[in-house]
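According to TrEMBL, the features are:
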| type | residues | note |
| --- | --- | --- |
| TRANSMEM | 48-71 | transmembrane segment |
| TRANSMEM | 83-102 | transmembrane segment |
| TRANSMEM | 114-135 | transmembrane segment |
| TRANSMEM | 210-235 | transmembrane segment |
| TRANSMEM | 241-263 | transmembrane segment |
| TRANSMEM | 284-308 | transmembrane segment |
| TRANSMEM | 328-346 | transmembrane segment |
| TRANSMEM | 353-371 | transmembrane segment |
| TRANSMEM | 471-493 | transmembrane segment |
| TRANSMEM | 499-521 | transmembrane segment |
| TRANSMEM | 533-557 | transmembrane segment |
| DOMAIN | 536-586 | domain 'Cationic amino acid transporter C-terminal' |
| TRANSMEM | 563-581 | transmembrane segment |
Amino acid sequence: MGFMVDTQNQGGGEHSWGFLRNLVRRKQVDSSNGTSSKTHHHHQLAKALTFPHLIAIGVGSTIGAGVYILVGTVAREHSGPALALSFLIAGISAALSAFCYAELSSRFPSAGSAYHYSYICIGEGVAWLIGWAVILEYTIGGSTVARGISPNLAMIFGGEDCLPTILARHQIPGLDIVVDPCAAVLVFIVTGLLCTGVKESTFAQGIVTTANVFVMLFVIIAGSYLCFKTGWVGYELPTGYFPYGVDGMLTGSATVFFAYIGFDSVASMAEEVKNPQRDLPLGIGLSLLLCCLLYMMVSVVIVGLVPYYAMDPDTPISSAFASHGIQWAAYLITLGAVMALCSALMGSILPQVPVNGTITTGLCAAVLAFFMDVSQLAGMVSVGTLVAFTMVAVSVLIVRYVPPDEVPLPSSLLESICSVPFQCDEENSSSHVGTSIGSKEPLLCHTDASIVEKQEAQGGWVPNKENRRKLAGWNITFTCIGNFLLSYAASSFRLPGVLRYSVCGVGGLFLLVGLIVLSCIDQDDARHSFGHSGGFICPFVPLLPVVCILINMYLLVNLGASTWARVSVWLFIGVLVYIFYGRRNSSLVNAVYVPTAHAKEIRPTSRHSLA
């Protein structure tokens, strides 16, 4: 049976179609052994991390400003005494993403996290934007944390004026800019530590994280004693448990959700884990569980010590202890805050595992921390995380229902490819509708019309593999569109009532139809051999990933127009970089796509592969 190779040299009307095809070309994953293919000039990262290292990374990257600073603002403005419930709901939401991360990190244990998974499952264009957004997240996230360390560090030395002049904050004359040398120095120190080696840096982070956990346990135990002694005065209020209503508690959940975003750092370290199939899911799950329990217990205690309306928004925990006359405890907690923020700073820069990436991110974060008050950019940190969480959930659906059935090989193997007697069938010629926007891959096989006929089964009919994949792909698309419309309508209170309810109804219909169809059709058998096997399997598919997408989209829509305006500038720059550089220098520029079933017949004849 014949085949043809579609060349990259296109002109005229086909040029735009060739550009769109570039956006959906996907990276190879070797299903025979589960390792992502790499070019030989790339160095394999040292596998030095074990399960305790991942717990240290996950907890150290997660616990930081979320518990030491955020609790005061959320309790005062949104949750009130229901702060612990806000953390619980946010933790459950994060757990849904954690399940998706756990499966993909087991299947594709390579550096890159959401960027890597999206490149394999969705396509190069989406992966590029995710990577671009995550770079922004890590850089600004590191700057934000660094700017938060210096005031707490100053408190330990007796106040802001007690820091050495060379480290103290100064305002540039004539400009409304306050520089923070201490923050920049801390970023440089952490960057240098990370460049010494991942094992050494995670060991240091483990020490800091352990000390931080003990400080939080002190807060829980000592705070509980004070609460029992004073009668939990923070809960004895005429406003009740929900002073801002259930809506306020849910709004608080959306805010404190970002206190959980550090666990994806564990997935970013996948290529350096000795036993990724076992350790990655445990590291992600247990670090998230530990953080959620600590957050909730601290919230219960702090709200009981001080009425929510009397909390200090900047130093809520230390101020609560100081109000009860325990000043030495306030200093201890401030020290814990400094250690937690240092650990979170390491977690922000650590995922840039190659030395060059670590140094570049560290330099940019240091410059931002020195010159800028990044409080206005805080929402931008969340955009990259939420977009990554959404794409990871979509990738799980793709892996289960429409895993890529073609792999890219170098054009230098074209002669070898032509010499292999392909037998195209329905299993290796299925469509990519919904997963690659119906793209025509470079290698196309002509199939017989009889292949796509409906099959009879038990008195009825079931779609064959090609039609089932088309059906699954379109319904994955429907669920994503429905989730967006539903999230937008639920958050747009300024829309006219009729329009808002109409959009909500259409979105709900798309979501319901897509979810029902995905629940009724079979998942693809190729999922068992796509990537590593024997690792963690996400439960309750398709319901869990679809709910995860809905929650993440709701949070994205609620980030506000000003945040999206700033993020759009960065994403636009990323699009320009891809158009003029990325797509032309991709390792898949001249790739030839062959069916997965026949790739094994070609690979033994060559040592080449594509990243």
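Glycine is no exception: its Cβ is also placed from the backbone N, Cα and C atoms.
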Check your understanding: In the domain 'Cationic amino acid transporter C-terminal' (536-586), how many residues does DSSP put in helix, strand and coil?
Key -> 40 helix, 0 strand, 11 coil
Exercise for review: Please give the sequence-distant neighbours of the transmembrane segment (284-308): residues at least 6 beyond its ends with Cβ less than 8 Å from one of its Cβ atoms.
Suggested key: 54-55, 57-59, 62-63, 66-67, 71, 75-76, 79-81, 83-84, 86-88, 91, 94-95, 98, 101-102, 105, 213, 216, 219-220, 223-224, 226-227, 230, 232-235, 237, 243, 256, 259-260, 263, 266-267, 316-317, 319-321, 323-324
Point to revise | Recorded stretch that, among 48-71, 83-102, 499-521, 563-581, has the most CB pairs under 8 Å to the transmembrane segment (471-493) | key: 499-521
Revision key, fill the gap. Per the Cβ filter (under 8 Å) with a sequence gap of at least 6 from its ends, the transmembrane segment (328-346) is approached by 60-65, 67-69, 142, 145-146, 148-149, 152-153, 155-156, 186-187, 190, 193-194, 201, 204-205, 208-209, 211-212, 215-216, 218-219, 222, 262, 315, 317-319, 321-322
Review point. Cβ under 8 Å to the transmembrane segment (210-235), counting only same-chain residues 6 or more beyond its ends: which ones?
Key: 56, 59-60, 63, 67, 81, 241, 294, 297-298, 301-308, 317, 320-321, 324, 326, 329, 332-333, 335-336, 339-340, 343
Revision key, fill the gap. In the same chain, residues at least 6 away from the ends of the transmembrane segment (241-263) whose Cβ sits under 8 Å of its Cβ atoms read 58, 60-67, 70-71, 73-75, 77-83, 85-87, 89-91, 93-94, 98, 101, 235, 284, 287-288, 291-292, 295, 308, 344, 347, 381-382, 385, 554-555, 558
Review point. Do we see three or more Cβ pairs under 8 Å linking the transmembrane segment (83-102) and the transmembrane segment (353-371), pairs being at least 6 apart in sequence?
Key: no
Check your understanding: How about the transmembrane segment (114-135) and the transmembrane segment (563-581): do they have 3 or more C-beta pairs under 8 A, pairs 6 or more apart in sequence?
Key -> yes
**Study point:** Tertiary contacts of the transmembrane segment (499-521), as residues 6+ beyond its ends and Cβ separation under 8 Å
**Key:** 397, 401, 463, 468, 471-472, 475-479, 481-490, 492-493, 542-543, 546, 550
Revision key, fill the gap. Mean per-residue pLDDT in the domain 'Cationic amino acid transporter C-terminal' (536-586) works out to 88
Point to revise | Same-chain residues near the transmembrane segment (533-557), Cβ under 8 Å, at least 6 residues beyond its ends | key: 34, 93, 96-97, 99-100, 102-103, 106-107, 254, 257, 276-278, 280-281, 382-383, 386-387, 389-390, 393-394, 396-397, 400-401, 479-480, 483-484, 486-488, 490-491, 511, 514-515, 518-519, 523
